[in-house]
Amino acid sequence: MATLLRRSWRGVQQSFMIMRPNNASHTLVDSSRYASSSHKSAIFTSVGALCSTAALLAAWQSQVVSDEAHSQAEVSHKSALKPNEWISFKLAETIKVSANTNIYRFTFSDNEKLGLEVASCLLTRAQIGHKSDGKPNYVIRPYTPISPPDSRGYFDLMVKIYPQGKMSSHIGSLKPGDTLEVKGPISKILYKPNMKKNIGMIAGGTGITPMLQIIDAIVNNKDDLTKVSLIYANISPEDILLKEKLDVLAAKNPNFKVYYTVDKPTSDWNGGSGYITKDMVLKGMPTPSDDTLILVCGPPGMMNHISGDKAPDKTQGELSGLLKEIGYSKDMVYKF
Ligand SMILES: Cc1cc2nc3c(=O)[nH]c(=O)nc-3n(C[C@H](O)[C@H](O)[C@H](O)COP(=O)(O)OP(=O)(O)OC[C@H]3O[C@@H](n4cnc5c(N)ncnc54)[C@H](O)[C@@H]3O)c2cc1C
């Protein structure tokens, strides 16, 4: 955490920090990683409203001191998660990243790590109403953390809120201090450095979350030479989640490139327009080969168009759509 904070502070000219006074350990966030440009001003305003530069500095300094003391203390390698037990995690902070999507930071003891494999997700559970027999009705949904897999003391979920969605609107209603029940992790594809020479990713909306886990694992490991290309589809430029983070990663890492397409382009938009086409896949994805893996994650309509959706029993199902048409085989494609 100290490293994260030092990096945040050093980058303060490009970054903004958000502070809430009640939980100093987990409330300083390098929001340039998260905020789309349209929301920067809102975040900046809230920073101004919440704290002065002096208060930020004091909080940051006390955090570094406590982290240094902490690093000298016994640090457990225990995971905060349990695969078979629902554990309540406290919400510390919410950050708006687009009109309908927020990042939620949940916290636990700094002595524990999250302990995820890349790539994996978590299950969330909430009691929403009652069944006809009067027993509690539980809603369970998976979400993919976008924080580092070994983060100590916190994890971040990026959740799109559907007004009629049971779990997403429940998460959307949480206030700092409220808790959410979580169980996991649930392993998806097990990523190993250099397991393939080329990885292509096709994501829509919040389908970016599992891709981010893998992109971060690759670019943070200098021995991993995998080339990654991402096609990321959204409704409008405003809806592109974590665009600044993706752009910075692409600028800094020659082995990562990203191409955006939006259904509703603005007049100054210079990415792709409309749904993902065969031409975009041909130009943007590595060619079919034993050394190629294509990862797909997005809403059902996009999945059907690109690769066919997963089977009803959640196994991979048959490959269809554009990827099949272009000549990829089932074993070259993974559907999240
Ligand atoms: C492995 C996995 C990881 C996931 N990770 C994330 C994540 O990191 N972030 C995230 O936001 N979501 C993620 N999801 C989706 C998430 O689990 C829920 O399905 C989603 O939040 C909707 O749940 P809900 O209970 O709010 O909506 P529900 O009550 O299930 O649905 C109500 C209505 O919401 C709308 N709706 C629901 N889901 C979709 C959708 N995908 N596309 C379009 N409309 C929809 C529909 O109109 C639907 O009728 C993931 C899903 C899987 C399978």
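Backbone N, Cα and C define each Cβ position, glycine as well.
Bear in mind that the values here come from a model prediction, so they are computed numbers and not experimental data.
According to TrEMBL, Arg141, Pro142, Tyr143, Lys160, Lys166, Met167, Ser168 bind FAD; the candidate from Thr107, Thr179, Thr209 that the record adds to this site is Thr209. The domain 'FAD-binding FR-type' (84-192): residue composition by secondary structure is 8 helix, 57 strand, 44 coil, according to DSSP. Taking every pair among Arg141, Pro142, Tyr143, Lys160, Lys166, Met167, Ser168, Thr209, the residues listed as contacting FAD, the largest Cα to Cα separation comes to 20 Å. Shown are the binding-site residues Arg141, Lys160, Lys166; the one with the most C-beta atoms within 10 angstroms of its own C-beta is Lys160.
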